[in-house]
Amino acid sequence: MIYLIGFVQGCDGSVLLNFTPSTKNQTEKVVVPNQTLRGFSFIDGVKKAVEAECPGVVSCADIVALVARDSVVVTGGPYWKVPTGRRDGRISNASEALANIPPPTSNFSSLQMSFANKGLDLKDLSKNHYCYEQFSTRCTYYWSLSLPVIFITFTQFCKQDPSLDSKYAANLKMKKCKSINDNTTIVEMDPRSSSKFDLSYCQLVLKRKGLFQSDAALTTKSFINQLVQGSLKQFYAKFGLAMEKMGKIEVKTGSAGEIRKQCAAVNS
């Protein structure tokens, strides 16, 4: 969640906001890249508990950053420092999310530019972008943003993209996302260890078994491959540093923003 939040309005919890008639615009939650985000009810529960003890002190943006760190730790990943003091944004706009979140069809150059615009370098890109094997996606997202490039329109003759493992591609088409109209099936990015934080999905990507074209795009640069082929301890250390930087993107402090009473709505 924090990965997607940082690219839109900075780390201010804007993706947590629900649509209301007063906003007039659809919020970030409704855009395709965010439709498989999970944990909103958990964040709301944490906020409720925190408000009961310390009302008006801890922002939803801080809660997201802390939960991101702790969820990685409890699934076997590294610990990193999370500075607090972020304030919550009051704006959440669907069109802005679409304009700023790197799509899964991104090539290496566009990914590099998207991250550079947020003050992140190539090492941050390799760590943050595709080593989230706990993620999953809906077939609709898959067909509309990834598969047309990978499966359907690679050539005018509808041949399969040769950069994708042929057996993996066949399995997806035959057993997972069978129809372009399927909007309910959930596909795990790493079915072997989706509840564990490790390098498994990264290794699948290197074997040409990644779900998204943007994941495969990273493997076109040899030094990116070297970053994830080293020791797990080294990867964890670098991942933690990358996440610290991610959590500091365009944060609101001082009098900017607010401390929401509820994460899904701005204060009245």
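Glycine residues also receive a Cβ, built from the backbone N, Cα and C atoms like all the rest.
Where the annotation comes from TrEMBL, it is an automatic prediction and has not been curated.
TrEMBL has this to say about the protein:
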- 1-267: domain 'Plant heme peroxidase family profile' (DOMAIN)
- VAL8, GLY10, ASP12, SER14, GLU28: Ca(2+) 1 binding site (BINDING)
- CYS60-CYS263: disulfide bond (DISULFID)
- PRO102: substrate binding site (BINDING)
- CYS139-CYS177: disulfide bond (DISULFID)
- ASP190, ASP198: Ca(2+) 2 binding site (BINDING)
Rounded Cα separation (Å) that holds between GLU28 (Ca(2+) 1 binding site) and CYS263 (disulfide bond): 14
Subset of binding-site residues (PRO102, ASP190, ASP198) lying within 10 A of ASP12 (Ca(2+) 1 binding site), CA to CA, in sequence order: none
Remaining residues near the recorded Ca(2+) 1 site, that is with C-beta within 8 Å of the centroid of the site residues VAL8, GLY10, ASP12, SER14, GLU28: ILE5, GLY6, PHE7, GLN9, CYS11, GLY13, VAL15, GLY89, ILE91, SER92, GLU96, ALA97
Least Cβ-crowded entry, counting other Cβ within 10 Å, from the recorded positions listed as VAL8, CYS60, CYS263: CYS263
Residue from GLY10, SER14, CYS60, PRO102 whose C-alpha is spatially nearest that of ASP198 (Ca(2+) 2 binding site), among the recorded positions: PRO102
By Cα-Cα distance, the member of recorded positions PRO102, ASP190, CYS263 nearest SER14 (Ca(2+) 1 binding site): CYS263
Inter-residue Cα distance where the pair is CYS60 (disulfide bond) and VAL8 (Ca(2+) 1 binding site), in Å: 15
Cα distance (Å, whole number) from CYS263 (disulfide bond) to the residue listed as 'substrate binding site': 24
Rounded Cα-Cα span from CYS263 (disulfide bond) to GLY10 (Ca(2+) 1 binding site), Å: 16
